[in-house]
Amino acid sequence: MKKVLVLHTGGTISMTQEKDGAVGLSASHPLKESMDLIPDNVEVVVEEIFNLPSPHITPKEMLLLKKRIEKAQTQNFDGVVITHGTDTLEETAYFLDISFKKEIAVVLTGAMRSSNELGSDGLYNYVQAIITASDDKSKDQGVLVVMNDEIHAGRFVTKTHTTSVDTFRTPTFGPIGILSKRQVIFLKEVVEHHALNIESVDGKVILLKAYAGMDAMLFDVLKESRVDGVVIEALGAGNLPPQVITSLKELIDSGIPVSLVSRCSNGIAEDIYDYEGGGIPLRKMGVMFVKGLTGPKARLRMLVGINARLSHHELRQFMTE
Ligand SMILES: NC(=O)C[C@H](N)C(=O)O
């Protein structure tokens, strides 16, 4: 018998649609009645840890989930399933991936259609997530996201469509597994990466997106405000418009860590160009190039690094490894 802890956190998977089409919180959790569909060899323990639409979730709720999973690791559970709103699901998945050492499977799932909508995907994804979490193969793959018969690494998965049930994709690398009608099939192994152990999520790390004609004012404002770190979604391979460089340099020289990812949805940021604002001068100036993460995930990575009290040098290593 396998034992899986389910943590409901809210989102569309826990919502219902009204007659006028508006989707909102449900009085009682729609997945409550689903026990008959769970495989006989799995014992499920259900907790509603909170009930929030995922745009309301902050690193504080993510930390709460981390602590509950750490406790579950001492309570003989084989895995944990977290049901979550899809808007920020990838951020919670990534936070859990890098903020503690996992000994059991951790799987996140959600729904794009609420419980009483035609073609609702919540119950299906929920059962598939439980099957995945109870499978021995899921233990050493980092935090997983199961949606629409696919298994994605929490580290790289992202929501790509506003409403389609086929919204979660892993650009560049693809899903790491699938769920067939009969089994959980992994197609790839996630390369192990080191997680830090944190007990707090304090500090302000700001995310900015670069654009043609970007205004230096954004960096001047950040220099005057009390921020603890900045992540930039830069252009292409990792470049910025020249007019922001002086202000950016002043920000870095004032001791604020600055990291960069690409705003492109595929590929990784690297220092390739040597013109003003190009990646080579940016790296020499002290900008930390992050490999393959989206901006929101790189922002969480810096927040975790700061809360692990890494030195400047250690934070640089953590952000660029
Ligand atoms: N499909 C969803 O779950 C979207 C919803 N707005 C949420 O993230 O809570």
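All residue numbers here begin at 1 and follow the chain in the order shown.
Using N, Cα and C of the backbone, Cβ positions are placed for all residues, glycine too.
Remember, it's a predicted structure, so these values are computed and weren't measured experimentally.
Annotated substrate binding in TrEMBL involves Thr86, Asp87 plus, out of the candidates Ser54, Ser99, Ser114, Ser115, the residue Ser54. If you take the Cα of Asp87 (substrate binding site) and the Cα of Thr12 (active site, O-isoaspartyl threonine intermediate), they are about 10 angstrom apart, rounded to a whole number. Sparsest Cβ environment among the recorded positions Thr12, Ser54, Thr86 (other Cβ atoms counted within 10 Å): Ser54. In this structure the C-alpha atoms belonging to Thr12 (active site, O-isoaspartyl threonine intermediate) and Thr86 (substrate binding site) are separated by 8 Å.
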